[in-house]
Amino acid sequence: MSQQGYVATPPYSQAQPGMGGYPTGFGAPPPQSHYGHYGAPAQPFAPQAAGMKFPKSPFPTFRYPPLPADSAPAMSPYGQPPQRPYHSMPQATPPTQQITNQMSAMNIGGYGRFTPNPIQSPQSPTSSAAPQPFQMSPPTPMGHAPLSPQGPQLPPLSACPPMAASPPVGVPPMVMPNCQPGSPLMGGGGFQPQAGPQGFPQQPGNRGPPAGAFPGAFPGGAAQMAGPPQKKLDPDSIPSTTQVIEDDQVKRGGQLYTTNLRGQVPPFVTTSFSVQDQGNASPRFMRCTTYSFPCTSDLAKQCQVPLATIIKPLASVPKNETPLYIVNHGEAGPIRCNRCKAYMCPFMLFIDGGRRYQCGFCNCVNEVPVQYFQHLDHMGRRLDMYERPELSLGSYEFTATLDYCKNNKPPNPPAYIFVIDVSYNNIKSGLVKLICDELKTLLDQLPKEEGAEGSAIKVGFVTYNKILHFYNVKSALAQPQMMVVSDVAEMFVPLLDGFLVNFQESRAVINNLLEQIPDMFSDTNESETVFAPVIQAGVEALKAAECSGKLFIFHSSLPMAEAPGKLKNRDDRKLVNTEKEKTLFQAQRGIYEQLTKECVNQGCCVDLFLFPNQYVDLATMADVPAHTGGSVYKYSNFQVQVDGQHFLSDLRQDVKKSIGFDAMMRVRTSTGFRATDFYGAIYMNNTTDVEMAAVDCEKAVTVEFKHDDTLSEDVGALIQCALLYTSISGQRRLRVHNLSLACSSQLSDLYKSCETDALINFFAKSAYHAMLAQPVKVVREILVKQTAHMLACYRKNCASPSAASQLILPDAMKVFPVYMNSLLKTPALVGSAELSTDDRAFHRLSVMAMGVEESQVLFYPRLIPVHSMDVASEAVPSAVRCSEERLSDTGAFLLENGQCIFLWLGQACPPDIIQNFFNVPSLAHLGTDMVSDGTVAYVHWACLQMVIVKQKDRSEMLFRQHLVEDKGLYGGASYMDFLCYVHREIRQLLT
């Protein structure tokens with residue numbers, strides 16, 4: 001596949017012969033080489049061991065001509081006029097009649113789902129030909145001399161593992177322009193001896209990054225640059241994320257992806273495709289950072305690519321795909337290996353005429369139970385192989401026996417308890433009435449089993465401020481009854497019968513209660529609230545009912561009333577960028593730690609809806625939700641008219657989504673490697689069992705693996721994820737996902753099968769986890785150094801010899817730097833005192849439970865030119881690169897990242913577009929009330945509030961912080977500058 005998306009003129013597109021090699025050793029170690037897995041001992045960065053031969057890349061590489069001596073990107077700092085105006089894009093304005101309908105019908109959420117609407121092919125002026133198949137002869141192995149004992153010792157990464165990837169077979173690596181010290185690539189007159197950018201370590205004796213490269217991170221940014229106007233480096237010469245996404249959609253979109261091959265790389269999460277399970281789990285359930293594991297731990301340490309899988313065990317399956325089969329083996333229960341306890345799956349080998357089977361995970365030979373026996377065919381396969389899901393599919397469910405239930409008793413159906421803060425702020429804002437009115441209809445839509453007449457979930461209601469009010473809504477009552485608990489220090493539930501009820505049976509009483517609650521507290525002046533006793537009450541109620549369930553808590557302020565769990569304001573932004581910054585993200589322990597354990601033991605999930613007007617110590621208040629499989633929603637300065645629809649949409653989705661309770665997950669592997677670290681909305685009491693009070697269809701767990709022996713290329717690496725949970729009908733089930741990966745002694749195979757979207761998910765979660773124990777600045781340094789290390793290892797061991805001044809990126813990782821730079825600029829990591837501590841904590845906790853699909857669009861938002869919609873087609877316009885340079889003053893652009901959505905309007909946006917969007921004649925008639933009228937848009941899996949942004953208005957600052965290819969609003973480099981900085985780090989490692 002040619003690198004068409006990055007080639008602007010004929011000379012760029014011609015493959016050049018390889019240039020001279022470079023020394024085998026990497027020179028002296030940098031004085032501050034302490035990166036690696038967080039806190040782990042240093043690992044040498046060496047070529048491959050003597051005796052092991054790795055092929056150099058046989059692929060032709062595209063090389064870019066040297067940069068002109070006076071080239072430099074011109075970027076203006078935020079708050080100052082751009083150094084060049086928005087480029088106008090004279091386009092024919094679509095007819096007015098259909099544009100609004102198209103806007104609402106746009107399938108923005110098509111990423112990762114099969115949809116009939118095709119995405120338009122990229123309209124690149126530089127590439128119109130279809131990718132050509134690449135044919136090659138077998139690669140020629142080339143050896144490497146061992147590194148001398150005095151070689152540099154570059155630390156390994158432990159809490160934040162490595163990353164790397166390589167071109168798929170037949171695809172050349174990405175070769176970037178010369179970015180070398182002394183080159184004025186990034187402004188000024190070359191590399192200036194200034195302090196490094198925020199989070200980028202400097203080594204004594206080395207010259208710093210270029211002047212103006214990282215505004216906001218150190219003095220002397222672009223605003224202070226002097227001298228004549230600079231020529232800009234063409235941004236199209238660096239890898240484009242949108243082009244990579246489009247290319248994968250063109251190549252694999254709309255196709256059927258069958259899972260019958262070991263180690264095959266699936267389509268991107270942004271590509272629309274459908275899956276047919278033929279023995280390996282669908283990528284909707286499991287995605288890996290690489291689909292080819294290195295055979296030895298030495299190779300893994302050398303390249304520092306993290307070996308991990310992101311598991312979304314209850315992921316939604318599109319309607320055009322087969323739902324999971326449920327297998328019932330009766331009282332005997334699922335068939336398991338006697339030694340490692342792995343469940344029956346396609347990786348088991350039947351022998352001895354079908355009377356025994358060898359476990360694919362531990363190689364133990366087991367007897368086949370009499371009732372499970374079946375003869376083998378001439379290929380050694382069971383005759384009933386395709387009649388049994390557990391023998392032919394990658395994912396399936398077992399009905400669990402009483403052995404898998406607490407106290408050997410079948411579980412009761414779960415319960416939902418709605419807990420409403422009725423303090424002064426929530427009553428006066430209209431929030432309490434809004435919630436009560438919504439619940440009258442929403443409770444009709446509680447989740448239920450496929451084919452069931454109604455939901456088995458029971459419901460209960462609590463209101464609170466400084467004290468708690470419980471309600472008896474038994475169906476036999478004419479009126480609901482309130483019971484008050486004022487002693488919050490010794491929390492108990494004052495009633496059992498009538499608290500948790502079936503909504504259909506008690507509908508009249510419940511509706512009566514919901515009508516009365518806003519009026520009951522309409523005259524309240526109570527502004528103080530409790531919080532920990534509220535969670536305690538929910539747990540006690542579920543214990544009394546002997547069931548699992550979920551608490552929906554609607555809360556607005558820092559809990560300062562005298563009660564267990566009382567919090568104080570500990571927001572101190574002077575700690576930002578100090579050793580103690582990590583304390584801002586650490587939850588206050590004591591009662592909340594104990595509550596987490598109690599919730600997990602009872603299967604009590606906590607979802608928290610926050611409506612703060614000021615600091616609420618979100619790091620502590622969200623700690624229980626973050627460890628019980630719960631979600632946190634935050635609506636700062638809530639106004640019913642502006643934020644009401646957004647909140648209600650979130651609530652509806654949260655109540656209706658599919659979910660499992662009282663869950664425990666175990667990840668088993670074949671011999672030679674094991675699961676070591678787990679990240680997600682989980683609780684772990686030991687090193688192997690992942691406990692979740694609940695797990696829903698959106699929650700993902702990221703699992704890292706380490707070697708404990710050598711892996712075999714013939715056998716590969718096998719992973720089995722088993723999730724034991726209680727369904728919404730109260731049935732105990734086991735869901736099993738199996739995945740087989742390739743193993744190789746060639747690093748080029750590992751890089752070739754990497755998945756950038758999975759890598760950035762892993763790096764984000766591991767970094768956000770490390771923030772609790774290490775200074776944020778150290779975490780940033782580790783991420784940057786590890787990025788450079790992985791790419792240097794690829795260059796050293798897999799790429800053809802070339803000039804050291806050229807940056808060569810593995811094809812599968814060519815856009816990894818833009819994602820990594822975006823991660824470094826996120827609220828959690830950017831390290832700016834201007835950002836709210838609660839906002840930073842909220843972002844961190846949100847990402848910890850994300851799947852690959854969600855994290856991909858968060859770290860690289862979609863920017864869609866809606867003004868270019870073709871009225872004759874329902875196709876979504878192709879996304880453009882997420883940069884200010886792509887905006888035009890005559891355009892309208894939609895930007896969304898799964899958490900927020902903006903509609904940006906250029907100053908010269910045509911009146912007929914404005915007329916159709918807002919029913920006003922021009923942009924000048926668009927008032928503040930219309931810009932913030934609470935409009936919501938349905939995107940991906942969520943409903944987001946749309947923010948209307950007019951070019952050069954103050955609100956544009958919020959929009960610009962999501963243009964991830966540009967310099968950060970609160971510090972951080974542009975994509976171009978970061979790429980050049982990483983290149984400089986790579987060159988230091990190599991020379």
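Here the Cβ of each residue, glycine as well, is placed from N, Cα and C on the backbone.
According to TrEMBL, the compositional bias 'Polar residues' annotation covers 1-16. What TrEMBL records for 1-32, 76-96, 113-161, 182-248 is region 'Disordered'. Residues annotated as compositional bias 'Low complexity' in TrEMBL: 120-135, 192-230. Annotated domain 'Zinc finger Sec23/Sec24-type' per TrEMBL: 334-372, in sequence order. Among the features that TrEMBL reports, domain 'Sec23/Sec24 trunk' is placed at 411-654. Annotated domain 'Sec23/Sec24 beta-sandwich' per TrEMBL: 660-743, in sequence order. For 756-855, the entry in TrEMBL reads domain 'Sec23/Sec24 helical'. Residues or ranges marked as domain 'Gelsolin-like' in TrEMBL: 876-927.
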What stretch, picked from 411-654, 660-743, 876-927, has the most CB pairs under 8 A with the domain 'Zinc finger Sec23/Sec24-type' (334-372)?
660-743
Averaged over the whole of the domain 'Gelsolin-like' (876-927), what is the pLDDT?
89
Sort the residues of the domain 'Zinc finger Sec23/Sec24-type' (334-372) into helix, strand and coil with DSSP and give the three counts.
6 helix, 11 strand, 22 coil
Secondary structure composition of the domain 'Sec23/Sec24 beta-sandwich' (660-743) [DSSP: H/G/I, E/B, coil]
0 helix, 54 strand, 30 coil
Per DSSP, how many helix, strand and coil residues does the domain 'Gelsolin-like' (876-927) have?
14 helix, 11 strand, 27 coil
Helix, strand and coil totals (DSSP H, G, I; E, B; other) for the domain 'Sec23/Sec24 helical' (756-855):
69 helix, 4 strand, 27 coil
